[in-house]
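Here's the structure we're looking at; comments come further down.
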Amino acid sequence: MPEESIALVVDNGSGMVKSGLAGDDAPKCVFPSIIGIPKMPNIMVGMEQKECYVGDEAQNKRGILTLKYPIEHGIVTNWDDMEKIWRHTFFNELRVSPEEHPVLLTEAPLNPKTNREKMTQIMFESFDVPAMYVSIQAILSLYASGRTTGIVLDSGDGVTHTVPIYEGYVLPHAINRTDMAGRDLTYYMMKLFTERGYTFTTTAEREIVRDIKEKLCYIALDYDEELKKSEERTEEVEEMYELPDGNLITVGSERFRCPEALFNPSLIGRECPGLHITAYQSIMKCDIDIRKELYNNIVLSGGTTMYNYIGERLTNEMTSLAPPSMKIKVIAPPERKYSVWIGGSILSSLSTFQKMWITKEEYDESGPSIVHRKCF
């Protein structure tokens, strides 16, 4: 592996793939982790129609496609589709040849072991990379925030997890993972719209709802108070949204009722604890001496933490759970949507990291299981 070859950093999330070159301060390309298959046969001869579309192209042609997500809850469910996404990332988006660059991939904590092994296998056997590494998403977010101690609350499209890290050491016994995140909120939003009389059912319409959710939703500081306000003074909560066909729809109390499920998952019929409780439980599983520092460094990361007022609400909730004199500090970096990728970019450009890569020789010698020995 030549010294000067720059690493490629690929953060393959359940909803979006963020990729770029190590050392950059933002990902070069971000596109949805979507594969689109045409619903109808092609009758126009000479039209360059593909068997499948990836990412933005699938998003743009979604009206005639059936959309699939190859990654669900952080776990790859369809490896053929995943390979298409990686192929698209390397050759069409980054325009690099993977056999010339080491590749850093990311994954959620407490993922099935087979998931990493298969990732490693595809990278070495299908893309012939010289070296690769798999890192846990939350650790990278902490790197990006410039800390070595803190509890990272990372919520993306498929997985929400809280990971306590002390002086750079991850405390694996205290990691909490919930398979409830952005995509579940999108489905909940679709259900709330049905109650209002708007029906969104197809996979293409689900993407419209995701856009409404991202643009208009916010977290209520006091949910009951906000509900009362939305019933008494409706106009204060309502916003208009223009659909792709030009029609306008009104979005009202759904704006805060949808993301409320993060703090109260029973709203969508889930038995898991809310964000604030998982963070609290993670801290309580740690040694009593380090809890104070964790309470003081709660770092948010991931696209599902982008809602307005989430920092204030989390601070309030944590304050009511923590001991009375405890100082709570929630850090919500403005670039947190991409902080996992930024952390990966920092990590893979460190000179001390260069000896951590899994090389092609090591892979040929030990097979895919090498990934458990070399990557945390």
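Quick reminder: no glycine exception, Cβ is built from N, Cα and C everywhere.
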Candidate set His73, His161, residue annotated tele-methylhistidine in Swiss-Prot: His73
Binding-site residues: Met16, Val159 - member with fewest neighbouring CB atoms within 10 Å: Met16
Distance, His73 (tele-methylhistidine) to Gly303 (ATP binding site) (CA atoms, angstrom): 14
His73 (tele-methylhistidine) and Met16 (ATP binding site), Cα-Cα, nearest whole angstrom: 12
